Each structure stands twice: as C-alpha cells, then as structure tokens.
C-alpha cells in the first residue's frame, strides 16, 4: 500500500475534527437576539424554576434566574481567567527544566526545548477550549432537558464527541507535524542514529504536553477535588447541597459544582491524550531497532500506524454519533443504559471491522527487532498477521475489563449497595475499611487478566505485540470518552437543579441520565489504566534492545535491585503527596456564612471575590503539584546518575508494577464508594430509618481521591520520558 494513502486519511481526520469542534462551539452559542449570554441564560432558566414543586421546608422557594446564570458564568470566567497565572507557571517550569535537565542531561537541549514548547502550546489551546465548552455545558444541558430526556442526552453526547474531535486533531495532528518537521530539519541521512535522535525529540513533544498537563490537569484536578472533599465533608447528610445548609458557604458550594464540571472532563481527556501520544512515541522508540523498518519505503507510515488506526476509528465513530439514541423512547426506565451499551457494542464492532478491512497493510511484511548484543531477546521474522492477532486480543480483553470494572462498582452489585450501610453515625470509618476490602478483592481478577494478556501477546510478537495490543485496547476510547462526559455533565447539572430548585420534571430527567451514566464513567478510566501498563512494558522493551548489556544482570546486580525498589516506591509517594494536598487544601474551606436576609436569599458574591477566591485555591494547587514534580525529577536523575542504565530500566519496571496495583485497586475502591453513596442516599429516603453515609472530611478525602487515582498517569509518563531522554548521560555509571 502506498504510504500516501494513510497520510491522506490522517490529514482528513485532523481537518474534520477541528471543523466539527468549532461548528459545535458556534452552535452552542446563545441567540443573537440577546445582547449578552447572561440575559439569554436568565430567560431560559426562568422556565425551569417552579414554585409549586419546592418543598415547604426549603430555605427559599426559588433563586433568581439572572443571579444563578450570572454566578455560574462568573465562576467559569474566573477559571478561564487563570490563563495568565498558568502561562507564568508554564514558563517558569520550562525554564527550570531547561536549566536543570536540558543543559546537563540531554544531548540536543535546544531542539528538545523547541519540541517541548510546541507541546505546551498544544495542551494550552486544548485546555482553554475544553474549559469554555464545559462551562457552557452546565446550563445548556438543563435547557435541553426542558424539552425531553432524549434531547438532553443528545446534547451531552454531542459535547463529548466535539471535544474528543479536538483532542485527536490537536494532539495527534501536532505529533505528525512535528515528526515530519524533525525529520526535515534534523533527520540527516535518516539512518538508525538519526532516527534515535528523532525519537528523543518526539519524546520532547510529549514532555511539553506533560509540562502543560501539570499546570492545567493537575492544578485543576487538585483544586476541584479539594472543593469536593470540603463540600462533602462539611455538608455531611445534606444530599442536595440546598441553600439552607449553613455548614459551608454558598461560594464554595457553587464553585465546587462548576469546577467539577470543567475539571473532571479535562482531566480524563488529557489523560487519554497523553496515553495516545505515549503509544506513538513507544512505537517510534521500539522500531528504530528494526533494520527492515528503517530501510523500507513505507517506514513513516509504519511508525505512524497507531495514529492511522485511531483516525480510521474516528471515521467509524461518526456512525456511532448518528446512532447515539438507538432507544428513542426517552421515557424508558433504562433509556441511558440501553443507548450506552449499544454504543459500546457498535464501537467494538467498528474496531473489529477496521481490523478485517484494513489488516494492517501499512506494516512491513517481515521485520525483526534486535539490538547490537541482544540475542536473548531477539524477535525474528514476525509479520503483520501476528500484529492483527495482538490488536484483536487487546480489543477483546478491553471489553472484558470494562465489563468487570462496571459490575464491581455499579449499583447492581450487592456489595456496592451495602457499602454505604457499613457506616453508621457511631462507626464512621467502616465504609473506608469496607471499600479497601472491595478494592483488594475485586482488583485481583482484572490484574490476572492483564497479566494473561501480556503473556499471550508477548509470546506472539514480543514487545512489539504489547504495543499492537495497546492499539486494540484503546480502539474504543472515543465512545468511552463520550460516556464519561455524559456522566460528568449530568452529575453536576443535577446538583445545580437541586441547589436552585428546578421543576421536579427537569430534575427527574437529569437524574435519570445521571443515575445510569454514573455506572459507566469507569470505562474510560479503566481503559487508561490498562493501556498505560501495556505501553510502558513496550517502552521498557525498546530500552532493553538498545542497552542489552543491562538485561542479564538487571535483577542480580545491586544497581538493578535498588532501581526496582525506587521505581516501585516513587508512584506511592506521588499518590501520598496528592492525597495530602487534597486534605491540606480542604481544611481551608470551613467557612460558615448564614444569610442575613429573612427570606433566605443567597449571599451575593462580588466579581472580585470569586475571582480572587479561585486564584488563591489554584495557586495552592500548583504549589502542591510542584512538590511532586520536583520530587520525581531529582529522584530519577539521581537514580540514573548513580545506577546507570541498570538502575533506570529497573526503575521503569518497578513503576509499571506499582502503577498497575495502585490504579486498579484505587479505581474499584473509590468508584464503588461514590456509587454506594449515591445509591444509599436515594434508597434510604424511602425507609423509615436508615444509615447516613458520611465520614469526617479528612477520611473522606482519602477515599474519594481513589476514584481519581489516575492523577498518576501524568507523573508516570513523565518519569519514563525523563529517564529515556537522559539515557545517554547515564551510561557513565555502568562503566
């Protein structure tokens, strides 16, 4: 197959993705009949408020539409207004990285820095537009719910698809552009040494994405999760975040809802973007060890193969978009669940059809992977047929994995339903103990299946098979990302309906989507966790090919053993620092501000107060993120300097083991805890006596953080990129 065909497909999808997103953004805008967006929202929200539906004991029968539209828009604006501080933090981080790491440990510091800057710009643009889209989505979902549940669901689906379109276009489009740019400028004779240099520069692009990710992803992540911890911990049994509760200020409550809406989707979308680029860099780094690939005229198409498959999957997902509401009866009890499951089935079938229709004809028919002295890990004569089998196995195991994770954390599992009942007013920590038990118990089977998948694909095609399996494992990520957006949007929209007392009919439609979609949000997180493990082992394989002398003594020499222990420990330390940051920040939200108005009118917060409030909390988040980044950087550089390639490769292996344990256990424990809380809040209202599930703020912080256990994604990939970028400077310790 001509190498031009896949490249045309990639360019076409990049253009379609950008156009699709901006068409959605324009369509999401307000009517031109209104002078400003707040007036439009105020007029639309008037119809959603009903005095007759309000409980008699509520603090206030209704909230002014103009106020609530202004306050939500203002909080979103304050989050978007952090851009100047974010820019300064990024510039400072880039400068420190260049001075500390680039000058002393990287062979081409200026070229590497240029690629990092491109990555930073890419993630900054993406984050800005996602925050803007999500901010609008909070109120637009409510407006669409006034028509029907089907319209509300379709709107949320459209938002998710548009944002993922932008993700593919920006992250992968810039990767392709920088790949050809680096080849043209610094490629030289395009021999193995030149391609090794290009692979390091492309890791520089990924490092730029991660540096921007620390500022946008981790900064907003810690801020939104600390809001969540403070709100849940202080409100305790106040389910609906109602205006009358005086345990927490209205400002914290509203900012919690908006920051969750803008932050959660951005966090998990950035994660999948990092993982996809990590996969592309792994393929390039691994196959520079294949003479057949580098001598082939089709080598560029081969190296960009994962992006080609993703683009084919995107074109197929357009069909899923057209079929987004296969169940058209919006009054059906399982309207959302039926549509979500059909989306997963159709997405998996499309991935299988792509495998059958395009049987990896962009691959080299026969290729070998072999380092200079690597007879013991030689991979000879493997063909594209083996790659197809690995891709198919990755797809199959992914479907099995998400089904297990969904069952182990959903309302349908009896152990999850009973989790909330493990806590009473007398024994508050019991639910945390019970959730630890569930995490340890239910994470065993997914881990065994992941190890089985690794064993099978390695026996078929070695380390290359792991990367082909990772491509299949992530092939349905677009559908999973859309489902995550539906769950996130409906969750925060429902909380807002309770806060301002929307009509019960509107609340019912939003809640019906939220109740069912919440179960399926784990699809994206579990896919990210599994794919990260597969790619990391493939990346380790590339280092074993390039530095084969370290393999024989990796686990027998003291350098390898120490490196293994360091790699295993650093992920746990990063996790501990993140939990400590959430607890530390949440303690500053204990602000009680009962209203002075006899009618219970919401306290009015000035523009300056909200903006300053958000800036302070974000600055605190960045300070805690810097602790993790500095700890990782200096620990890994010191490990490489003292223990050389043996230590660094062993550290990668140790980190891969710990990340699998932490993420699988944390996802099940945290998600089950959150879903059990939702279940018991709803079901217990129907009983005469019941347990109220709540814990003290500090304890709940530890538990809820587990459902976001994937903050480690960015830190984990960063550790790999740092070690590989500096590998040539670590060889002196091996001598």
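Placement of Cβ uses the backbone N, Cα and C atoms for every residue, glycine included.
Here TrEMBL flags 6-27 (among others) as transmembrane segment.
The annotation transmembrane segment is assigned in TrEMBL to 87-106 (among others).
As annotated by TrEMBL, transmembrane segment applies to 112-131 (among others).
Under the heading transmembrane segment, TrEMBL lists 152-178 (among others). Same-chain residues lying 6 or more positions outside the transmembrane segment (152-178) and placing a CB less than 8 Å from one of its CB atoms are 10, 13-18, 20-21, 23-25, 28, 115, 118-119, 122, 125-126, 129-130, 133-134, 137, 140-141, 144-145, 201-202, 205, 209, 265, 269, 272-273, 276-277, 280, 304, 307, 310-311, 314, 317, 321, 324-325, 330, 335-336, 339, 478, 481-486, 489-490, 509-510, 513.
The annotation transmembrane segment is assigned in TrEMBL to 198-216 (among others).
What TrEMBL records for 301-323 (among others) is transmembrane segment.
TrEMBL lists 344-364 (among others) with the feature transmembrane segment.
As annotated by TrEMBL, transmembrane segment applies to 384-408 (among others).
What TrEMBL lists as transmembrane segment is 437-460 (among others).
Here TrEMBL flags 561-583 (among others) as transmembrane segment.
According to TrEMBL, the feature transmembrane segment maps to 625-643 (among others). With a cut-off of 8 Å between Cβ atoms, the residues of this chain six or more beyond the transmembrane segment (625-643) that come close are 93, 97, 100-101, 105, 214-215, 218-219, 222, 559-560, 562-563, 566, 570, 573-574, 577-578, 581, 650-651, 715, 718-719, 722-723, 726-727, 729-730, 733.
Residues 405, 408-409, 438-440, 442-443, 446-447, 450, 522, 525-526, 529, 532-533, 536-537, 539-540, 543-544, 547, 550, 554-555, 559-572, 575, 636, 639, 643, 706-707, 709-710, 712, 716, 719-720, 723 of the same chain lie 6+ residues outside the transmembrane segment (649-668) yet bring a C-beta within less than 8 angstroms of a C-beta in it. The transmembrane segment feature in TrEMBL is assigned to 649-668 (among others).
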Remote residues contacting the transmembrane segment (6-27) - C-beta distance under 8 A, at least 6 residues beyond either end: 129, 132-133, 158-159, 161-163, 165-166, 168-170, 172-173, 176, 300-301, 304-305, 307-308, 311-312, 314-315, 362
Range from 87-106, 301-323, 384-408, 561-583 with most C-beta pairs under 8 A to the transmembrane segment (437-460): 384-408
